[in-house]
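S.K.: Here it is: the structure, laid out below.
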Amino acid sequence: MSEDKHGKDSGGKLLYCSFCGKSQHEVRKLIAGPAVFVCDECVELCNDIIREELQESASTGADKLPKPKEIKKVLDEYVIGQEKAKRILSVAVYNHYKRLRAQQTHSKKNEVELAKSNILLIGPTGSGKTLLAETLARLLDVPFTIADATTLTEAGYVGEDVENIIQKILQKCDYDVEKAEQGIVYIDEIDKISRKADNPSITRDVSGEGVQQALLKLIEGTVASVPPQGGRKHPQQEFLQVNTANILFICGGAFAGLEKIIRSRSEQGGIGFAADVKSKDDSRNVGEVLADVEAEDLIRYGLIPEFVGRLPVVATLEELDEAALVRILTEPKNALVKQYRRLFEMESCELEIRDDALGAIARKAMARKTGARGLRTILEHTLLDTMYELPSSERISKVVVDEKVINGESEPLMIYDNSLEKQAAAAD
């Protein structure tokens, strides 16, 4: 049986909706299926039911959103110190995703519109900026990507276009646009795109101020056109439309020299009897000075005012001291010492790194000014020869590392177990 364009079958019989029973004259459209018909009103009703269920599931999902204290607790497991930064991040991320859930469940026109709060992380190299962003994304189970600001240029110049950032986050979630629109983007080395001078340049600054201008709309929220599956742009192809309004952008940078700008501002006083006289003897460390950063300092450093305005949440990280670096070596879930012990266990060998060795590793990293990032390099260099020999020797049961080994004054102490050699010979 076939239906003509007026809703009657080929025999001229009047047709009815199989669900609500309305005739073809009572509805706008009647859709035919195998021996059944459905009207446009029933289709719309089904859509409403599904939409309500999706909103309900979104609201129940909001209950699963970890609270700020829970977020900080997870950050504590991976990041040592930086208490203030972790609190700021926990609240900012919680509010961001709470805003997203509110958009999904409430669509009233007269409701208060919640603005997006992107984050700026300021801290020395190896202080934990990238690790904080990675841990947040893993906790929230959202797509996460890292972009290097130093490779970005204005559109039309050699280098990466800012829209490549959206390309990267799409790749992380197999080009699922809806999922990508709720992700986190960490832009590293953001201080490297600062304007080269305080005054706007006459010549074009394609990797500095030009990139800041290009990032403005992307960070605030725009619909970016991205080629599907990472292809090149050409006029005949269809683009994926990605709305960046709900993507959380976290920008991080060391901002070397920013502390001098902050100190010069804080040392300035008034004139006359009402002047606020301030001492020039500022014994605070870099981290303590950076904690006093204000928007005008960032603008003097070289960020344009519009860009600073798009990053309302600012968290500063402290420089890691020896005690913090020792804790980083041993305490986090994925601590380096735990990782190397596990590698040695897989060779049926115990690794002991003594306390004086941990202190020596921390001091070396501080001398190199690489922060926590340099700890792995030092350990890898120290244990390289041992890890080279270990798989070929079945007698080594324990390796001991002390301060002299770290300083290059002696080799790691290897303890041999002759019973292991006998067991190996018996097995042969």
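Placed from the backbone N, Cα and C atoms, the Cβ positions cover glycine too.
According to Swiss-Prot, the feature Zn(2+) binding site maps to CYS17, CYS20, CYS39, CYS42. What Swiss-Prot records for PRO124, THR125, GLY126, SER127, GLY128, LYS129, THR130, LEU131 is ATP binding site, and it gives sequence analysis as the kind of evidence. Residues or ranges marked as domain 'ClpX-type ZB' by Swiss-Prot on the basis of sequence analysis: 4-58.
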S.K.: Once the DSSP letters are reduced so that anything not helix or strand counts as coil, what is CYS39 (Zn(2+) binding site)?
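M.R.: SS state of CYS39 (Zn(2+) binding site) = strand.
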S.K.: When DSSP states are folded down to helix, strand and coil, where does PRO124 (ATP binding site) land?
M.R.: coil
S.K.: Between CYS39 (Zn(2+) binding site) and LEU131 (ATP binding site), what is the CA-CA distance rounded to a whole number of Å?
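M.R.: Spelling it out, the Cα of CYS39 (Zn(2+) binding site) and the Cα of LEU131 (ATP binding site) are 55 Å apart.
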S.K.: Going by C-alpha positions, which of the binding-site residues (GLY128, LYS129, THR130) is nearest CYS17 (Zn(2+) binding site)?
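M.R.: Its closest listed neighbour, by Cα, is THR130.
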S.K.: Inside 8 A of the center formed by the CB atoms of CYS17, CYS20, CYS39, CYS42, which other residues of the chain have their CB, for the recorded Zn(2+) site?
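M.R.: After dropping the recorded site residues, what remains is SER18, PHE19, GLY21, LYS22, VAL27, LEU30, PHE37, VAL38, ASP40, GLU41, VAL43.
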S.K.: Among the binding-site residues CYS17, CYS20, CYS39, LEU131, which residue has the fewest other Cβ atoms within 10 Å of its own Cβ?
M.R.: CYS20
S.K.: If you count Cβ atoms within 10 Å of the Cβ of PRO124 (ATP binding site), leaving out that atom itself, what do you get?
M.R.: 20
S.K.: Measure from the CA atom of PRO124 (ATP binding site) to the CA atom of CYS42 (Zn(2+) binding site) and give the result in Å, rounded to a whole number.
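M.R.: Per the Cα atoms, CYS42 (Zn(2+) binding site) and PRO124 (ATP binding site) stand 61 Å apart.
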S.K.: Measure from the Cβ of LYS129 (ATP binding site) and count the other Cβ atoms within 10 Å, all protein chains considered.
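M.R.: There are 27 of them.
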